[in-house]
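Look at TrEMBL and you will find 40-150 tagged as region 'Disordered'. Annotated compositional bias 'Polar residues' per TrEMBL: 45-59, in sequence order. TrEMBL lists 75-101 with the feature compositional bias 'Basic and acidic residues'. According to TrEMBL, the compositional bias 'Gly residues' annotation covers 121-132. The feature domain 'Lon N-terminal' is assigned by TrEMBL to 159-427. Marked as ATP binding site by TrEMBL: GLY580, PRO581, PRO582, GLY583, VAL584, GLY585, LYS586, THR587. What TrEMBL lists as domain 'Lon proteolytic' is 868-1054. Taken from TrEMBL, the feature active site covers SER960, LYS1003.
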Amino acid sequence: MLPWRTTLYNTRNSALRYHKTSIRHATSILRPALLHRHPPRLECSASSPSNTRPLTTTLPKRKERAPDDVPEPIPIKEDENDQTDKEEVAKQTPLEARKAPDTPPASGSVAGDAKGSSGSSSGGESGSGSGDGGRKGGKKSSTERAIQKPTVPEIYPQVMAIPIAKRPLFPGFYKAITVRDPNVIAAIQEMLRRGQPYVGAFLFKDESSDKDIIEKLEDVHNVGVFAQITSAFPISGEAESLTVVLYPHRRIKMSKLIPPKTGSSQEPPVVIHAQEIKQLPPKEQGIPDKSGDVVASFEESSSPSPLVDVQPYEPTSFLRDYPVSLVDVDNLVDEKYDKKSPVLRAVTSEIVSVFREVAQLNHLFRDQISTFTLTQSAGNVHEEPAKLADFAAAVSTGEIRELQDVLETMNIEERLSKALMVLKKELMNAQLQSKISKDVESKIQKRQREYWLMEQMKGIRRELGIESDGKDRMVEKFREKANKLAMPEAVKKTFEEELSKLAHLEPAASEFNVTRNYLDWLTQIPWGQQSAENFGIKNAMTVLDEDHHGLKDVKDRILEFIAVGKLRGTVEGKILCFVGPPGVGKTSIGKSIARALNRQYYRFSVGGLTDVAEIKGHRRTYVGALPGRIIQALKKCQTENPLILIDEVDKIGRGHQGDPASALLELLDPEQNNSFLDHYMDVPVDLSKVLFVCTANMTDTIPRPLLDRMELIELSGYVADEKMAIAERFLAPAAKDLSGLKDVDVGLSKDAIEELINRYCRESGVRNLKKQIEKIYRKSALNIIRDLGEDVFSEEKALTEEGKIAFEESKKDESDVKETPETIDKETTAVPRQSLKVPDSVHVAIDRDNLKDYVGPPVFTSDRLYETTPPGVAMGLAWTSMGGAALYVESILENVLNDASRPGLERTGNLKNVMKESTVIAYSFAKSVLANLFPENKFFEKAKVHLHCPEGAVQKDGPSAGITMATSLLSLALNKPLDPTIAMTGELTVTGKVLRIGGLREKTVAARRAGAKTIIFPADNTSDWLELPENIKEGIDGHAASWYSDVFDLVFPNIDAEYANNVWKAQLAKMDKVEDTPKDE
């Protein structure tokens, strides 16, 4: 029988069953409570609009909801009148009617399926099934049917599918979801209105998906749940969103996805007429004849007969008008299982045990377990293991794939096992969370306990007079420290003011810590405290000679400083600036000076410094303010007369936070630094007794006002003899000790060191020489181990006892080296290894012949660039930040001399502005010399000359190459090669005057390295030449030149005038002959 016909039949029988008066009596009892609790939202009438055929006629006013074992999502408190009405109805209701099947509360009515009863409510939260299938053994009264609970259809082949994300749903456990698709929202509202609130919930495979419809079957898992919509309400603040509470009933499997219907014909609605039955036979009624009963008859507006041809009933046919996901589903039934199975009982007991452990750690689990226990119909969980597995998976926060696997498993034993695995992980997380919580709580409790005990102890001591308050004790401590210092009056006044402020401040005030830190700094500066200096000349010479070889100028200046201090008994602070190439010992000499004078040593670098606060400190108004580096140096050294080394003063920067170079003006001025004012201290500090030593590679980048305040001491590069002495006395022993060969017979011969200096390390300093010597000893250590083998130097001998234990622990660690292991404290020790002794039978000798086996082939294969110079090539000398260097100037003739050639000068070699001017001056002067001395030489009148300075990647600037360029051009014009051992330097004017240059010492050292035997320099630099050490001048003949004529006589001695006049005469004669020949017409 069709569902609507069953509804018609059941309604007619119920209408004939009772008298009209009994119906009115029941209505008068139930209607007030129902109207108060659930006002009806839909009236059933013949004219009500409907788009589909199914329609029920159960009267919601005549029903009362029975108690439900499943907790409602939103409990509603009943008033006393409602409770009284329920009790009256319950008295009239038979006992069998009270035993309704357990079903969850529904927002809409429940549509009956083909097997069960059909009934719906008109928008209330509960409804009752009607018909004769709901009860056996007799017919129910109207009041009994009114309180009967709705039934869930067992077969619902087609539902609207709602995809969900994050985690699946499990039967028997509520889930709230949010719907934002307006079409799905409209469909849900229509379902609630029609009393068919059933959907299918399926989990998205992609966790990031957030849709309300299913586009493809592959997007979701095919196993889901058949759920009932218990309530739906809009979200506050979101106009087009709906929160839907679902209650899953059973597992279902999707078999087909039905696409939305694009267009459908509207069918006429079912018309319902209510009329009074005049008289019916008692036999047909089955009860005593009572007049006045109301019966509902069903008629279709399109046909007078109610039994016309009707299309098959489809509960979700109206949803095809909405673009939503409809799916065909099949119910999934759990496989049969043996309740007495020992495996089943063991797994169930383990799950219960895990629940107990989790409940002790997690209060939220405890509440959920209590709720589950109350809603459990069976007293023993062993009777319903499937529901227990679903509950375990529903409350766990496991992996989505694992939870979906639990949902899809139909075998109860397997489902319990998988649920147990998920629950075990939840237990591990709960244990870890509990451990972390206990650790944090124990730390907090410990601190609170310590604070409480400390406050008690302070109170007891104050009562006994043993100790005063902490703040008072702090004030006394500051005053005691200040009494030991010889503070100036201005500083003492500031100290008293700040100390008085601290005494009146509360410890909790923000100003308290600022004032305390300021007083701490104020009392840590060594006011009036000086170290006892050593002014012994012999001691200073001994210390300086021990640490450095050479550097006579520096040592003499320090000895002068000590001599003045010895006579006066005290010395004022001086500002020295060591300027020289890298690797000559500028920084290390400062430490040696401090050791010789018995002064405290403090070093800081200003290279790249852009913040003035590093020099003068921060204002105290800033959070985390600190004094400048000078005040920090005084605090560290605890003396007023330390030696402060300011390194890399030529590389100081400048940024938006000020100019630190300008801040150094006050610091390095002897007339001002006796009252240096730091921004943080804000009191004058006397720095006049401090010995400042600065270092720089060049003076070009140092501001002139700052350079004027310092006494410059230039440190030139080392010559070969000095490098040899430094390598033998300092570098080789240190490198040997550093390589673990201190007591081993490994000898580096003098010839090998000389070869290193000449062929590998030609720079001014000794830093590269030190690297090469260390490389030699490292290579020697490797060869020793390779020759003797690993057995002689085994790891067992090298590891200490603690090291062996740590090494064994590290073997057990399998974590990545980029991650710090948890057992790092067991894998480390203070002294893991010890040095190994090399056998006495080992002997290694490094000499000139086998040196390349240790450091590779030589870098420099010749002493100079040109062994024999061609015409137009002259060797000049240049000064760089790395020391001196040989600078060659090359000139060539670009074309053949003929009538078509034009004179010109091409310059290359990355020359800067000053050097470009020098080339123009030299070119003009060379033409002048040639015109005056050799007038018949017409070279420059027709020659196009190209002048080049090698190493074009290096920028070159400066006027000291003037005489070198002029000599190169004259050598080309006279076609006369120069002596390759002659080097020259000097600025040239257009009249031929040779001007003074700088860096003669560095240039002389460079000439010596290049193999020059003669140096030509300006006569104004004669004093500089005489001051050079004899070891630098040894083997070099120096010549001073006032005019270029002096240079010309040295580089072109005994030149033949006739040769010079006629050197280009042959070519010029050919050119004249060609010009005199008449042209053919």
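Cβ atoms here come from the backbone N, Cα and C positions, even for glycine.
TrEMBL annotations: computationally assigned, not manually curated.
Features per TrEMBL, on structure.
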residue: GLY580; record: ATP binding site; contacts (Cβ under 8 Å, 6+ apart): LYS586, ASN697, GLU714, LEU715, SER716, GLY717, SER764, GLY883
residue: GLY583; record: ATP binding site; contacts (Cβ under 8 Å, 6+ apart): GLU763, SER764, GLY765, VAL766, ARG767, ASN768
residue: VAL584; record: ATP binding site; contacts (Cβ under 8 Å, 6+ apart): LEU551, LEU715, SER716, GLY717, TYR718, SER764, GLY765, VAL766
residue: GLY585; record: ATP binding site; contacts (Cβ under 8 Å, 6+ apart): HIS548, LEU551, LEU715, GLY765, VAL766
residue: THR587; record: ATP binding site; contacts (Cβ under 8 Å, 6+ apart): ARG603, LEU645, ASP647, THR695
residue: SER960; record: active site; contacts (Cβ under 8 Å, 6+ apart): GLY876, LEU877, ALA878, TRP879, THR985, GLY986, GLU987, ILE997, GLY998
residue: LYS1003; record: active site; contacts (Cβ under 8 Å, 6+ apart): LEU877, ALA878, TRP879, GLY884, ALA983, THR985, ILE997, ILE1015, PHE1017
* **The one of PRO581, PRO582 whose CB sees the fewest other CB atoms within 10 Å, among these binding-site residues** => PRO582
* Counting every protein chain present, what is the number of Cβ atoms, excluding its own, within 10 Å of the Cβ of LYS586 (ATP binding site)? -> 26
* Around the recorded ATP site, report the further residues of that chain (criterion: Cβ within 8 Å of the mean position of the Cβ atoms of GLY580, PRO581, PRO582, GLY583, VAL584, GLY585, LYS586, THR587; site residues excluded), sequence-ordered. => PHE578, THR695, ASN697, LEU715, SER764, GLY765, ARG767
* Structure fact -> In this predicted model, the domain 'Lon proteolytic' (868-1054) has a mean pLDDT of 89
